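S.K.: Right, I'll just put the structure down here and ask away after.
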Amino acid sequence: MLRSGGLTPAPMKRRLASSLAALLSAAAALSACQGTEDQGPVNLSKGVPVGAVLALTGNANVYGQDQKIGIELSLAALNGAGGVNGKPLSLSIEDGGSAEPSANAAVSLQINRGILALIGPTLSQQSFSAGPIAQRRGVPLVAPSNTATGIPEIGYFISRVSAQSSVIAPLSIAKALQLNPGIRRAAVFYAQDDAYSTAETVIFQQALTAKGLKPVTVQRTQLNDQDFQSQITAALNQKPDLVVLSLQAMDGGNLIRQLRELGYRGAIVVGNGMNTPNIYPICQKYCDGILIAQAYSPELQTPANQRFTAAFAAAQARNPKVSPIPPQLTAQAYTAMQVIGEALARLDRRQPLKGLPLAQARKALMAEILGGTYQTPLGEIRFTPEGEVIQKNFFVAQVRMNAGGKSGRFSLLP
Amino acid sequence: MDAGLLEQMLLGALLGLSVYLPLRCGQLSLATPGFFAIGGTVAALLSTRVPALAGSGSTYPITSVLLEMALAALLTGVLALGLGRVVLRLRGIYLAIATIALVEILRVVTLNLEFTGGALGIFGIPQPFNSAAGYAAFTLALLALICWLCDRLEKTRPGRAMAAIRDDELAAASQGINTADTKLLAFVLSALVAGITGVVAAHFLNSWNAKLGNFDASITTLAFVVFGGSRTWLGPVFGGLLLTALPELLRPVGDLRLIVFGAVILVGPLFFPQGVITPELFKWFKPRIGGITTAAAQGVKQ
C-alpha cells in the first residue's frame, strides 16, 4: 500500500528546505541588477541621461523601428545644437517588446539606470501597464504614439505628444462629406481583437452618427485575417457609398485591395493604423484615393519641419528602397525627444542639473515639460496641465499612387 | 536588485507549476493561460468596479486581494471540475487541442464582452503594495506554500497515484487507482494555481487584457516545464524562473537577445531531454552535499 504523508523522515524535510533555499538564492542571483538611489545626484558622467522604451520586437515592431529613427535624428539635432547648454544628451533605447510584462521590465530598467525622462512605450496598452510605474517612481514619461483615451490621466508624470484619436478621426469624415456631399450610407470595419482598432471605431461611429450617417453595417474582422470576402460581401449588400476602416497596415491594406476587386467604387476613409507608407506595397494601385486624417504632414512648410524632413531624407539616402518621406510615427518620436531636450535646457538654465538630486530634477523637469511651447515638425505644440498635447495643426491627406502602383504619397488636402 | 523582474520570475514559476501538475499524471493540458486569464479578469473587475473592496487606506487592502484569490480559485476550480470531467476523456495531443480550444473560447468571450473592456482591457487596477518588492515578498510566500504542497503531493497517495498513471495508466487502473478522479484532481489543482496567479499578475501589471492569456502564453508556460523538467516540482519552478528572467538578463547582447533566448530553449531539451532538473540529479547531488555537511559537522566538533 502507498504510504500516506504525516510522518515525514528528516532527510526529506532537509531536501525540501535545501531545495527551497537553493531556489530562492538562484532567483535572487538571477534578478540581481544594480538599482540607483533616487536621492543621489543626477549622474552626468556620460551626458544627460534620457531613455526610450520602444516596441522593437513583436507584432508592433514596425512602429518601434519608425520611432527609433525619429528619436535618433532628434538626438543628433539636439546634440548638434549644443545639447543641454553644452552637455550632450545620452540616450539609451530598450526594447519593450509588444506586450505588457516586457514593457514594464524595460521601463523599470531605464528608471534604475537613473534616466531623467523616458520616451515610450509604443502601444497604449503598454502605457496603461508601464505608465503607473513611471508615475510611482516620479519619472517624466512622454508617450510618442499612444492615442487611446486616458493616457495622461494615469498621473502627473505622464504626458503625450500624440493627439488622441477622438480629436483626429472625425476630421477625415468631415472631409469625405465635404468632397462628396451626396454620401448617405456608411459601412464600418474594425478588428475586434485589436485595442487600437476597437477604440478608434467607436470614435468613427460617433462622428458618423453626429453627421447623420448612422452606419448601415458594422463588420468585424480579426487582426491576423487575410481574407475578407465574407465581410465585404455582407457590407456591399447594404450598398454603401462610404467605407470607414479602423485597421492596421497589413489587414487594412489587404481589405482595401479586396474591396476594390469586388467592385466597390465609393469613398474610403481609414484611421491612424494605416498612417504609414508601409501600406503602398500591400494595396498598391488600389490605395489611390483613400482619405486619412493625420497629426503630421510632411508637406507642412515650417522651419522645424523642413529641418526634420531634410535630416530624414539624408538619413534614408543610404537605402534607396525606403521612402525619403517621413511617416507620422517618426515625426512624433522626433517631437517627443525634442520636447525633453528643450525642457532639459530650460531647466538647466534655471537650476543647474549638476548636483541636483535625481528625484528633484525629474520633478522639476516634468513641470518644465508641461510649461513650454515647442516649435516641432508637428507644428506648434503645448500641453494641458494634465499632460495632454495641444496641437495647432491637423491635416487630412489623400493617398496618390504613382503609375505602376508601387509607390505613392500622402497628398495634403487644402 | 530589481524586484519587478523577481516578481515576474516568481509569477513564471507559479505558471510553470500549473502546467506541471497535470503533466504529473501524463496529461498534456495547455489550459493554464485560460485559468490565468480568469483569475486576472476577476481581480481586475473586482478591484476596479467594487468600491467596497478598496478600503480607506492609500493602498488597496491585502484582505481584498485574498478575497479575489478565493473567488478566482472558486471560479476556476468549479470550471475545471466541470470541464475536466469531459475533456480528460481525451489523451495526449487531443487533450492538448481541447485545452487550446478553452483558451481560445475564453479569449474570444473576453474580447466580445462589454464589461471586460473588449480588446483594450481593464486598466487603472489599484495597488496593494507601494513597490515591486512588496509584490515579490507576497508572491514568494505564495510560491513557497505551493511548492510545499507540491512536495507533499509527491509523497502522498494521490501524488504517487498520479506518477503511476503517468508511467502506465492501464497498470495503475488494475492496481485499484481511480484514474479518472486522480487526473481530475491534478487538472483542478492546476486551474487553482493558475487562477490565483492571475489575481497577483493583474495587480502587478496595473492593467489586464485578453492578450495576456492567449495561445502564445500556453506555449511559453509549456516551455518552462519542458526546459526545467516535469519529474519533480523543482523543474517547472526552475524553468519558470530562468526562462522569464533570461530575455531581460540578455539585454546587454542587444538585438541578438531573442535569438540567443530561442537558442537556449532549443539547446535545453537537446542536452536534457528530461528537463534540466531530474530526480537523478538529486541522487547525484545527495551523497556529495551530504558528505560535505557531514564533514563540516565533524570539522565543527573538532
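We number each residue from 1, going along the chain as drawn.
In case you wondered, yes, glycine gets a Cβ from its N, Cα and C as well.
I grabbed these lines from TrEMBL:
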- B:6-23: transmembrane segment (TRANSMEM)
- B:35-54: transmembrane segment (TRANSMEM)
- B:60-81: transmembrane segment (TRANSMEM)
- B:93-113: transmembrane segment (TRANSMEM)
- B:133-150: transmembrane segment (TRANSMEM)
- B:184-205: transmembrane segment (TRANSMEM)
- B:217-246: transmembrane segment (TRANSMEM)
- B:258-277: transmembrane segment (TRANSMEM)
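Tell me about the surroundings of these features in the structure.
M.R.: Same-chain neighbours of the transmembrane segment (B:93-113): 27-31, 33-34, 37-38, 41, 83, 87, 119, 210, 213-215, 217-218, counting only residues six or more beyond its ends whose CB sits under 8 Å from a CB of the stretch.
Remote same-chain partners of the transmembrane segment (B:184-205), defined as residues 6 or more beyond its termini with a Cβ less than 8 Å from a stretch Cβ, comprise 7-8, 11, 14-15, 17-19, 21-22, 24-25, 27, 29, 31-44, 47, 60, 65, 68-69, 72-73, 75-77, 79-81, 84-85, 88, 125-128, 132, 135, 138-139, 142, 146, 153, 158, 162, 212-213.
Residues 223, 225-232, 234-235, 238-239, 243, 246-247, 250 of the same chain lie 6 or more positions beyond the ends of the transmembrane segment (B:258-277) yet place their CB under 8 Å from a CB of it.
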S.K.: With the transmembrane segment (B:217-246) as the reference, which stretch in B:6-23, B:35-54, B:60-81, B:133-150 has the largest tally of C-beta pairs below 8 Å?
M.R.: B:6-23
